[in-house]
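Participant: One structure follows; several queries about it will come next.
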Amino acid sequence: MIITLRDTQTSTISEKIDTLHEERGEVALGRVLTLLILTDEDNLEDALRLANEASLDHPCRVIAITPSTRRMTEPEEERTYLDAEVRIGADAGAGEIIVLRPRGGLIHHQDTLVIPLLVPDAPVVAWWPTEAPANPSKDLVGAMAHSRITDAMRSSNPLRTMEDLRRNWSPKNVDMSWTRLTLWRAMLASLLDQPPHLRITSVTVCGPTAYLPMDLLAAWLTLQLNVPVSIEREPDATAITGVTMTREDGGVLSLERRPAEDSIATISVPGQSPQTIPLPIRSLGDCLSEELGRLYPDEIYAQVVTQGWKKIHPNDD
Amino acid sequence: MADMSEHTTPTPCEPQWHNPLRDPRDLRLPRIAGPCSIVIFGVTGDLSRKKLLPAIYDLANRGLLPPSFGLTGFARRDWTEDHFRDFVKENVKEHCRTHFHESTWKQLAEGIRFVQGTFEDADAFERLSNTVAELDRDRGTRGNHAFYMSVPPRDFPIVAKQLANCGLAKSEGDAWRRVIIEKPFGHDLASAKKLDAVISEVFDPDSVFRIDHYLGKETVQNLLALRFANTMYEPIWNANYVDHVQITMAEDIGVAGRAGYYDGIGAARDVIQNHLLQLMALTAMEEPVSFSARDLTDEKTKVLSAVRLPKDLAAHTARGQYSAGWQGSEPVVGYLEEKGISPDSTTETYAAVRLDIDTRRWAGVPFYLRTGKRLGRRVTEIALVFKRAPHLPFESTATQELGKNAIVIRIQPYEGVTIRFGSKVPGGTSMEVRDVSMDFSYGRSFTESSPEAYERLILDVLLGEPPLFPTTQEVDLSWKILDPIEDFWSTLGQPQPYRSGTWGPQEAVEMLARDGHRWRMP
């Protein structure tokens, strides 16, 4: 069910939600967090769909803020107003969705705009699905969040966004470029779990040109293994295609996925016939779900963006 | 509770080695099992079809199985490998928890093998040995193999012997062999010891994983977190405040399909000995030094060894047998009319016992354990019922509807916690206090579908994580508690009948009434 509230107040939205829950005999107490989505009208539906998916794992209240694009009627021209939508039931995953479309001065007071609508006594997660502020922790909404999720890869200038995020890193920040790597990192770690436990002397990472996750993967590997990592760009690749690790005895361990869209990875280990395993490109829904399940500061990510990155890109500042 | 795995056996030759890609702070990384295979005996059985095979698929789908993975079925049926593969696929499709993906299946199917034979047939085990060796060669399983005994306990010894004879029970170098056996572990102390002797003769004690599928690791950890991660429960978790404790496992089904196993075993041996006594130990134990399997076992053992049986077993235990009736809206037959059950069977399908724990914390607090088949509904819970407030500053009429406060830990369904307490009825001309419930459920507050107990369990075995399941010592202690009760019951003759779909025999109601209590209606 979608209820549209034109030129409304937050107190009206709150009341509407309470009434709806009461009418439908639902309890709204089980929500574990509030997910704030900061986006624009073009990316709204896409983001809400992902949030719905993730809310099945993490029952949450979703509040999306998008600046209003409604054509104004004459008298409204001069003033600030708020349009809203409340979605519930089949239109809202396992929680409820509130879409706020502020206009005018309200756009600059987004924190106090959402405070009355937050789930009481529960963590707040802020998510910028595409464009991220240069410094999320100084953003009004970001400042009150327990976790700040950005996605530099989907911003209009990924490298530039990442540069800003790195410069303004703060413990509660995380970028989805990192989340996209979890399965690769897990597979690589499990490769090294197996004997013989020999030192790794060099690593090569292959993938597309200008693909942030690959840089983060390389940065992580160089930090953890303390070895040089070279990056090989494959112009027609769409995601990471391979990691090759050379052991001190010259043996080569590799995890390859070519082409990435086939979702099948091949593992080669000295003395063993190659084995395949499904390794799909991680969906955004899975990434968001992983982030919502993890509200502690990610110290490994912190090291990767603050120290590892510089080892991979010594020429950056 | 990240250090549950602390006591895993380190690789003996390189104790210092640490995987540089694993950082204890990196909580995102799941543990993926190393190259290995699992052999299932009794692969065509119910458990295997509905739980084990789907759990293995779900693990593969979650990316937690290695690329070098083999699954071998061992059964009597005259099947080809393709037959067996179809059989696995069909059951996986029907019962898997995650989505069915053809690509995951295809990858898993490549490692599926089938060995036809009986447990008496030494040649069949020779073929199994060859199949496993072939997996090592072609799939790179590196000699790591787990054997899942999804077979009746009477077959454990022969399967173990055959595995030993064909050399599969022992491994070389880094490789491991593990065996998984399901409860029941024997039917009394003597048989449990005998079984243990047979198994430990063949397998290294550290390689034996005894599991009780009723009690998943998740449940145990939830209970530990509730008790020991919070401040507000501990101060009242003792005889000063707790009046008595009721631990219930009720099933709505009858013995259907398990008649051969169940008759002569009965409810107490089937459920109380392992499941309910474990739940009691977890509820009553002191805080363990750490949450490692070893420290947990120490505390559970202490509690189990402090259990005292009632002097008058007739007054403080109860047995029952379900008779024909209506289970909800469905007519059902009585136990004695079930197929495969002798019409004069004295096996109980309902059992309730009172136990006392002789520790300072629990002195004078009775623990009531009950279980039964064909009861009102399927439920497992632990209820701590509290003493009444020493003084109620209200008119007695105001509190006539006020029961005792209770904390109820629901194990299934709807795993969670309920707190029952009195609250003023709003409005009204006079003061009135009535019981209300405050509810927490894992399902609503966390993930929609937490992993099946079997997924956790199989993964733990493949990773070599010591399970949080009973050790031999705990099993023996449990039998010591139950044996005298079983001995006493064996002198009694026919258990009291109870109508299917009710909450058990009158005897059980009277047993609690004698102590001034009443069973909860869970």
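Positions of Cβ are set from backbone N, Cα and C atoms, glycine also.
A TrEMBL annotation is a machine prediction, not a hand-curated record.
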Participant: TrEMBL has B:His213, B:Lys217, B:Glu251, B:Lys373 down as binding substrate; which of B:Asp196, B:Asp270, B:Asp356 does it also list for that site?
Facilitator: B:Asp270
Participant: In the structure shown, which of the recorded positions B:Arg76, B:His213, B:Lys217, B:His275 has the fewest Cβ neighbours within 10 Å?
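Facilitator: Each of the recorded positions B:Arg76, B:His213, B:Lys217, B:His275 was scored by Cβ atoms within 10 Å; lowest is B:Arg76.
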Participant: Which of B:Glu251, B:Asp270 has the fewest nearby Cβ atoms, counting only those within 10 Å, among these binding-site residues?
Facilitator: B:Glu251
Participant: My understanding is the cutoff is Cβ-Cβ under 8 Å with a sequence separation of 6 or more in the same chain; which residues meet that for B:Lys373 (substrate binding site)?
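Facilitator: The answer is B:Glu251, B:Ile253, B:Gly254, B:Val255, B:Ala267, B:Tyr322, B:Tyr335, B:Thr349, B:Tyr350.
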Participant: Check the DSSP secondary structure of B:Lys217 (substrate binding site), expressed as helix, strand or coil.
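Facilitator: For B:Lys217 (substrate binding site) - judged by DSSP and reduced to three states - the answer is helix.
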Participant: Pop the mean pLDDT for the domain 'Glucose-6-phosphate dehydrogenase NAD-binding' (B:39-222) in here, whole number is fine.
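Facilitator: That stretch averages a pLDDT of 90.
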Participant: Tell me which residues of the chain lie with their Cβ under 8 angstroms from that of B:Lys183 (NADP(+) binding site), as long as they are six or more apart in sequence?
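Facilitator: Set apart from B:Lys183 (NADP(+) binding site) by at least 6 residues yet with Cβ under 8 Å, we have B:Arg210, B:Ile211, B:Asp212, B:His213, B:Asn274, B:His275.
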Participant: Measure from the CA atom of B:Asp270 (substrate binding site) to the CA atom of B:Arg76 (NADP(+) binding site) and give the result in Å, rounded to a whole number.
Facilitator: 27
Participant: When you look at B:His213, B:Lys217, B:Glu251, B:Asp270, B:Lys373, which the record names as binding substrate, what is the longest CA to CA distance in angstrom?
Facilitator: 24
